[in-house]
Amino acid sequence: MENFHAQYVMLETIGHGGCSKVMLARHRLTGSHVAVKMIRKSECWCNPVMSEVELLMMADHPNIISLLQVIETKKKVYLIMELCEGKSLYQHIRNAGYLQEDEARALFKQLLSAMNYCHNQGIVHRDLKPDNIMVEKDGKVKIIDFGLGTQVKPGQKLNLFCGTYPFSAPEVLLSRPYDGPKIDVWTLGVVLYFMVTGKVPFDAASIQKLVRQILAGKYFVPSRLSVELRDLISLLMTANPKLRPTVAEVMVHPWVTEGSGVFPDPCEEQMPLKPNPAIVKAMGYIGFQAQDIEDSLRQRKFNETMASYCLLKKQILKECDRPIRAQPMNPSVTPFPSLVDTSTFHLGLRRRETEPTSLRLSANRQMSVCGRSTSKKRDRRFSWPSVSGRPLHTTHTMDHTHTRTRSVPCIYSMFCTIQPNSSDDSTEGHTSASAEDKPVRSRGWPRGIKGWTRKIGNVMRKLCCCIPSKETSHVGHSRVSPKK
């Protein structure tokens with residue numbers, strides 16, 4: 001069984017919920033930061049149809065958060081995920097007030113691509129909202145939370161009534177068996193409305209009034225929006241789910257296809273059958289076997305080998321995208337082995353005889369993961385009430401916003417009330433991030449395989465992005481009704 005603390009250094013807690021905690025951690029071999037969701041087996045009372053980890057194992061799309069590794073112990077399950085560099089769509093819109101149609105279209109097309117991929121895989125999200133969508137600094141979108149997701153067969157009806165009230169489709173609030181993909185389409189409509197107005201279409205002082213608004217299907221839309229956009233919003237939020245379009249049909253709507261630009265390629269980040277020889281060779285110097293690397297990627301084992309390869313590949317791709325300057329090396333930081341400089345090969349072999357336990361977790365994850373700042377200073381952030389699988393209730397949270405430097409963050413629970421961060425387990429393998437613990441930075445990208453692999457150890461870095469939030473008032477609304 002793999003040892004978590006032998007592979008990762010815990011830095012700080014960035015989210016906490018009823019049966020799980022999200023930590024910021026550093027991968028020891030590469031220095032990369034990751035988000036780690038720790039789930040206590042004894043506290044997992046939630047029981048969805050399919051667990052979040054199983055859905056993430058199935059998903060491989062450039063606009064869906066990547067699961068890198070799963071480590072299971074007797075008491076806990078560790079989900080190691082990529083850490084996005086950006087902030088939530090909610091924060092992004094709060095900073096801007098609302099988005100212009102061109103920017104909204106660019107982001108929305110990525111959401112459509114991801115959700116079309118999910119629906120083709122039989123995956124239903126059921127909790128799409130701006131908090132669960134990350135926007136990276138380059139404008140790339142990542143859907144990060146599948147805690148309420150499940151897998152369905154064509155024509156299968158669902159009866160677990162969950163989600164977030166302002167984004168819930170009428171059929172969910174009526175407690176009727178529903179078509180999973182169609183409620184995702186409704187939610188996409190609410191998200192699109194929020195993107196171009198800065199507000200949700202349905203808002204009320206109480207849950208009862210909010211439910212009545214949604215069931216009545218009456219909402220306001222700014223008169224400044226184009227005719228095509230208003231038509232698309234109306235289609236997405238069609239009250240009758242049978243008349244609501246599929247995601248594939250939405251992708252050919254005139255507003256979506258307007259202008260240049262293509263949809264993200266679902267194959268963009270799929271694992272190659274053959275790993276990069278340079279990375280394999282570099283990993284071989286610290287005990288990884290080439291055949292094990294290839295098998296781990298091809299079979300998507302989500303083990304130490306797969307995580308190490310993916311993190312190294314991401315570092316190299318990031319390094320290719322921007323020039324960097326050299327900095328003095330921290331003597332306390334061990335450089336990653338280079339194929340050229342054999343003096344760096346004083347690392348012990350990382351391989352152990354045992355491989356990670358094969359894992360198919362029971363369906364019991366109900367915690368959402370959203371972006372959260374690792375900085376000490378935070379703004380206030382707003383959270384919408386949720387629809388529970390139990391009797392409907394409101395999850396009370398404070399109205400606050402917060403900037404993020406890298407992404408996975410706060411935990412929302414549709415079933416568990418959010419709890420303040422506790423010290424329990426926070427010291428388990430915990431190591432505070434030191435200001436002196438800075439990676440090596442090189443002058444440029446050398447040519448050739450040897451130069452390429454030499455860069456592997458010099459690409460660790462820390463990013464910081466602090467953007468103040470502001471609100472903008474909006475006027476000029478006209479009442480419309482969704483198509484019946």
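Every residue, even glycine, has its Cβ placed from backbone N, Cα and C.
Quantities reported herein were computed from a predicted structural model and do not represent experimental measurements.
What Swiss-Prot says about this one:
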- 8-256: domain 'Protein kinase' (DOMAIN)
- I14, G15, H16, G17, G18, C19, S20, K21, V22, K37: ATP binding site (BINDING)
- 272-314: domain 'UBA' (DOMAIN)
- 356-400: region 'Disordered' (REGION)
- 356-373: compositional bias 'Polar residues' (COMPBIAS)
- 422-450: region 'Disordered' (REGION)
- 422-434: compositional bias 'Polar residues' (COMPBIAS)
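Counting residue by residue with DSSP, the domain 'UBA' (272-314) contains 28 helix, 0 strand, 15 coil. Mean model confidence of the domain 'UBA' (272-314) amounts to 91 (pLDDT, 0 to 100 scale). In the three-state DSSP classification, I14 (ATP binding site) falls within a strand. A simple way to gauge crowding: the CB of V22 (ATP binding site) has 24 other CB atoms within 10 angstroms, across all the protein chains here. In the three-state DSSP scheme, S20 (ATP binding site) falls into the strand class. The Cβ of S20 (ATP binding site) has 26 other Cβ atoms within 10 Å, all protein chains considered.
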